[in-house]
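Note sheet for the following structure.
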């Protein structure tokens with residue numbers, strides 16, 4: 001069967017990353033990818049491969065993750081309601097959630113699904129990803145009910161100093177100092193927005209948006225900003241580290257459980273293929 005016969009779906013999902021080793025499949029470890037692909041097999045009786053917008057690490061959560069997958073005519077036929085009372089996309093969401101509720105105890109929720117053109121790519125068509133990191137600084141802010149999505153830090157932090165330091169990282173830069181490089185993968189990224197504020201519920205909240213993030217980039221940036229916030233590093237230190245373009249063991253990486261992929265932005269469907277081609281070409285050149 002050729003790809004021309006396949007129907008591509010874009011699926012938006014949310015998950016609690018606590019019980020998982022991350023998004024990507026790993027031997028003998030529970031992963032979000034395995035849970036989703038197993039659920040797709042259960043409802044279609046065919047092996048389905050997914051492509052994800054952002055490969056989250058162990059313990060990292062998502063409220064707006066995006067994947068795409070291709071389903072054969074036989075698979076989509078299994079999602080067709082005979083009386084026409086529901087669209088295929090609605091049936092796909094409902095049946096996936098029923099399977100995932102049993103398999104993951106509702107740690108993974110499918111939010112929506114829609115048919116997209118074959119040129120749409122969940123990874124390469126994305127315009128930008130948005131992440132949030134929450135910190136409870138000081139024991140008086142620790143809440144045991146939030147231990148799985150908030151970092152408990154023992155000392156008070158200065159969000160204003162952290163925000164000032166973060167502005168030195170904006171723009172198109174080589175983030176090697178803040179990444180764990182992967183083979184044949186660029187560390188050049190466009191950090192478009194970054195802010196650190198005190199949230200209404202008292203947490204230190206960091207928000208970061210970029211065209212893409214390399215491995216461990218968000219957590220390492222947050223770790224550097226924490227050093228500034230607690231006063232152990234000067235405000236200009238993160239920018240200095242950026243310019244050095246060298247991995248340094250003194251740059252601590254923040255824990256994964258307080259990080260959430262909030263959303264992924266995409267162009268209109270008629271521009272998705274061109275965006276994917278441009279992203280691939282740029283990564284090949286970097």
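A Cβ is built for glycine as well, from the same backbone N, Cα and C atoms used for every other residue.
Features of the protein shown, as given by TrEMBL:
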ACT_SITE  57  active site, nucleophile
BINDING   131  substrate binding site
DOMAIN    165-267  domain 'Pseudouridine synthase I TruA alpha/beta'
Once near-sequence residues are set aside, which residues in the chain of residue 57 (active site, nucleophile), 6 or more away, have Cβ atoms under 8 Å from its Cβ? 22, 216, 219, 256, 259
Taking the Cβ of residue 131 (substrate binding site) as the centre, how many other Cβ atoms fall within a 10 Å radius? 25
Please spell out the DSSP helix, strand and coil residue counts for the domain 'Pseudouridine synthase I TruA alpha/beta' (165-267). 32 helix, 29 strand, 42 coil
